[in-house]
């Protein structure tokens with residue numbers, strides 16, 4: 001059955017997330033894309049389930065601040081995204097705690113720090129397992145819930161690295177994983193056409209702290225290849241996340257929104 005047209009007509013009502021439950025994985029950092037996606041959803045009234053892998057204190061601090069500032073319910077969960085059984089346990093627990101999941105933002109991931117030749121086989125396996133297989137695990141677990149309830153929105157954090165091979169860093173495993181995430185979203189959009197929408201967001205260089213270990217010379221080279229001349233701020237992504245989880249995007253599925261300051265136009 002085709003998914004219905006929303007009953008709301010006003011734009012603010014279409015973007016509203018009041019009464020909805022949104023999951024955001026990888027939202028334990030102080031200035032990352034995950035916490036900004038969660039913040040955007042909280043601003044629009046959503047209750048939230050946010051996850052962490054190792055930074056429990058960071059996730060709990062973020063949850064406390066979101067509840068205090070926006071008056072929404074926020075619960076924190078530890079999840080090993082590379083273990084399907086743990087992901088399934090987590091999704092079932094969220095449904096038990098909140099009664100439903102309306103949208104799932106699969107944002108958690110790992111970065112690569114070596115190329116194919118210089119890196120180990122386990123380095124490759126780790127990035128692919130977390131970034132691609134882990135995202136697929138999230139999709140599989142929440143997809144079953146979406147199918148049962150008859151609606152849902154899955155948003156995958158991909159990367160501009162799924163469109164281009166970044167220079168000069170060697171991160172083939174990451175590029176491959178993120179390209180896979182983009183096509184995963186497109187494929188699931190078709191597979192889930194009767195009960196859920198699936199889209200991806202491909203950020204460019206965003207100041208989240210994850211690249212702080214990169215030397216300044218390399219970072220200057222990155223910026224020189226961005227038409228807008230600067231890195232992005234994580235808050236510049238939250239509007240896209242809110243759009244894709246809300247009824248404002250009710251006819252959007254299989255899309256990939258590139259937010260990279262123009263990097264991939266070169």
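Keep in mind that glycine also has a Cβ here, set from the backbone N, Cα and C atoms.
Features of the protein shown, as given by Swiss-Prot:
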BINDING   53, 107, 140, 174, 178, 206, 208  NADP(+) binding site
ACT_SITE  159  active site, proton donor
ACT_SITE  174  active site, proton acceptor
ACT_SITE  178  active site, lowers pKa of active site Tyr
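Every protein chain shown contributes to the tally, and the Cβ of residue 206 (NADP(+) binding site) ends up with 24 other Cβ atoms within 10 Å. When the Cα atoms are compared, residue 53 (NADP(+) binding site) and residue 159 (active site, proton donor) turn out to be 20 Å apart. In the three-state DSSP scheme, residue 140 (NADP(+) binding site) is classed as helix. Our reading of the NADP(+) binding annotation (53, 107, 140, 174, 178, 206, 208) yields a largest Cα to Cα distance of 28 angstrom. Between the binding-site residues 140, 178, the minimum number of other C-beta atoms within 10 Å of a residue's C-beta occurs at 140. The Cβ neighbour count for residue 53 (NADP(+) binding site), using a 10 Å radius and every protein chain shown, is 17.
Proximity of residue 159 (active site, proton donor) to non-local residues of its own chain (separation of 6 or more, Cβ distance below 8 Å) is seen for 174, 175, 178, 181, 202, 203, given in sequence order. Under the DSSP three-state reduction, residue 174 (NADP(+) binding site) is assigned to helix.
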